[in-house]
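According to Swiss-Prot, the protein carries these features:
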type	residues	note
REGION	215-248	region 'Disordered'
COMPBIAS	223-248	compositional bias 'Basic and acidic residues'
MOD_RES	S233	phosphoserine
MOD_RES	S235	phosphoserine
MOD_RES	S239	phosphoserine
MOD_RES	S242	phosphoserine
MOD_RES	S244	phosphoserine
MOD_RES	S245	phosphoserine
Amino acid sequence: MKLNVSYPATGCQKLFEVVDEHKLRVFYEKRMGQVVEADILGDEWKGYQLRIAGGNDKQGFPMKQGVLTHGRVRLLLKKGHSCYRPRRTGERKRKSVRGCIVDANMSVLALVVLKKGEKDIPGLTDTTIPRRLGPKRASKIRKLYNLSKEDDVRRFVVRRPLPAKDNKKATSKAPKIQRLITPVVLQRKHRRIALKKKRQIASKEASADYAKLLVQRKKESKAKREEAKRRRSASIRESKSSVSSDKK
């Protein structure tokens with residue numbers, strides 16, 4: 001079985017191939033997310049604690065968190081589920097995934113170093129790979145440098161150096177800070193609120209005018225009906241009087 005071990009503190013990961021079955025028994029019947037003491041893997045692993053992050057079986061099917069079996073199952077997956085990437089909007093698909101329990105049929109096991117031991121492991125804990133990009137969101141930059149709301153975040157942005165080309169001076173590039181509160185942002189917000197209030201007032205006035213117009217139209221229609229009723233009653237009286245005069 002191969003062990004793909006990553007160490008977030010240095011940003012490194014390394015693939016180890018373990019042939020001895022006895023060394024791997026410490027991982028068997030363990031679930032994803034469980035912490036394992038790695039002393040049995042060798043002297044250089046003494047004191048290390050590893051968390052099981054996932055893995056693939058010998059046919060390439062991935063482990064899925066929450067599936068409490070060591071075998072393979074077919075699940076109906078949709079957007080947001082692990083082990084599946086939808087190609088169309090709203091698409092669902094039945095996919096074969098492996099349970100979250102480790103057994104001997106695993107090909108690769110993904111592990112994360114939670115606690116470093118006594119010795120360094122070459123290529124994993126002795127070298128540090130610097131992050132290519134720094135944080136972009138204003139709140140995360142504040143969290144990284146422990147800044148208050150009064151501090152200017154723009155001075156603390158991690159700039160990325162660009163190599164010099166065509167006999168030009170080397171430059172650096174900074175990301176656009178997201179969710180940064182500036183006077184322009186506040187101005188736009190106040191404008192949005194003012195427009196919303198203006199629309200509300202205009203809507204209230206329009207509804208009041210419509211209510212007045214509705215009352216006026218009802219009065220007019222009522223007056224028309226009463227006028228028509230009077231005319232009908234007057235014409236009926238006239239017809240009755242003409243009939244009675246003819247009889248005489």
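Heads up, the Cβ atoms here are built off N, Cα and C, so glycines get one too.
Beyond the ends of the compositional bias 'Basic and acidic residues' (223-248), by six or more residues, the same chain brings no residue to a C-beta distance below 8 angstroms of the stretch. Counted with DSSP, the region 'Disordered' (215-248) comes out as 33 helix, 0 strand, 1 coil. S242 (phosphoserine) sits 11 Å from S235 (phosphoserine), taking the C-alpha atoms as the reference points. A 10 Å cutoff on Cβ-Cβ distances gives S244 (phosphoserine) a total of 9 other Cβ atoms nearby, all chains included. The Cβ neighbour count for S233 (phosphoserine), using a 10 Å radius and every protein chain shown, is 10. Put simply, S245 (phosphoserine) is 15 Å from S235 (phosphoserine) when counted between their Cα atoms. With respect to their backbone Cα atoms, S245 (phosphoserine) and S239 (phosphoserine) stand 10 Å from each other. Across the structure, S239 (phosphoserine) and S233 (phosphoserine) place their CA atoms 10 angstrom apart. S233 (phosphoserine) sits 17 Å from S244 (phosphoserine), counting Cα to Cα.
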